[in-house]
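S.K.: Just dropping this structure here.
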Ligand SMILES: [Cu+2]
């Protein structure tokens with residue numbers, strides 16, 4: 001009986017030890033994904049490149065310092081360990097000018113080098129470009145979506161930021177309600193959006209592609225679902241997008257019965273008191289601007305793909321799709337939901 005208990009407690013200790021090793025490896029290795037879609041260590045433009053350079057150079061300096069310090073520690077522990085038969089304290093050393101000079105000056109030089117590099121790059125990163133030198137986009141954070149305005153083209157859109165590849169884009173950031181933070185890691189570090197204040201950051205994408213980001217400042221229940229998509233396009237495709245946004249097709253022909261019904265229902269149900277659709281007289285300013293909606297990849301701040309079924313689910317019960325969403329559930333009958341979702345699919 002006692003033997004059995006001994007075996008089982010030994011077995012349990014063995015399991016706990018093995019579990020601890022697995023947990024340690026899982027936690028430490030989970031930071032090792034490099035080429036992920038939202039990794040600052042996988043930069044896709046000059047801003048992120050500079051920041052990744054600062055991160056990696058500081059990392060390697062710290063690694064070298066750690067290697068020197070830990071080697072010295074291990075050598076000291078082994079060489080000066082207590083020997084059998086040794087009595088009393090070993091010889092004591094106090095005040096060694098050469099050593100003290102070395103361990104004061106060396107860290108000072110290392111820190112100065114890191115400081116010079118960081119300050120130099122801070123000026124590059126912190127530069128605010130005037131509209132003549134960069135495409136200006138005014139970004140407004142809302143609970144829980146993003147508004148993007150292009151003053152030079154008189155365009156407003158939401159959640160999907162279109163930018164031309166290889167061009168500097170100056171983001172002018174503010175918030176309509178609480179604090180948010182704009183973060184698309186592959187294009188640059190985060191910058192806060194603060195109500196009543198204007199912050200600036202510039203980004204540039206070196207390659208065409210879709211870059212993902214998130215709100216990075218807790219802003220309420222829907223914070224985790226406040227996502228950003230940046231669509232970096234070759235200049236010609238970007239120009240085509242601007243053209244399409246500037247000349248939206250927003251009223252379906254009467255022959256398209258269901259979509260036209262949706263166009264009417266959009267006002268009757270009250271959607272137009274919150275949403276703007278350029279090219280119609282719908283000009284609500286509470287929720288996202290829906291102009292050219294069929295061009296967007298996702299809906300609900302990049303939460304679900306922009307399909308008819310998903311638009312229906314969203315209009316039918318926004319909170320079921322995105323907890324904390326501020327769009328009200330209007331309890332519309334299913335035929336109205338379908339008509340509006342169909343209408344929104346025709347906006348281009
Ligand atoms: Cu947030």
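Note that Cβ sites are derived from N, Cα and C of the backbone, with glycine treated the same way.
Annotated domain 'Cytochrome oxidase subunit II transmembrane region profile' per TrEMBL: 32-129, in sequence order. Look at TrEMBL and you will find 59-80, 101-119 tagged as transmembrane segment. Annotation source TrEMBL lists domain 'Cytochrome oxidase subunit II copper A binding' at 132-244. If you look up TrEMBL, you'll see 257-348 marked as domain 'Cytochrome c'.
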S.K.: I'd like the per-state residue tally for the domain 'Cytochrome c' (257-348) from DSSP, helix first, then strand, then coil.
M.R.: 42 helix, 6 strand, 44 coil
S.K.: In the same chain, which residue numbers or ranges, 6 or more beyond the ends of the transmembrane segment (59-80), come under 8 angstroms Cβ to Cβ?
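M.R.: Residues packing against the transmembrane segment (59-80) from afar: 90, 110, 113-114.
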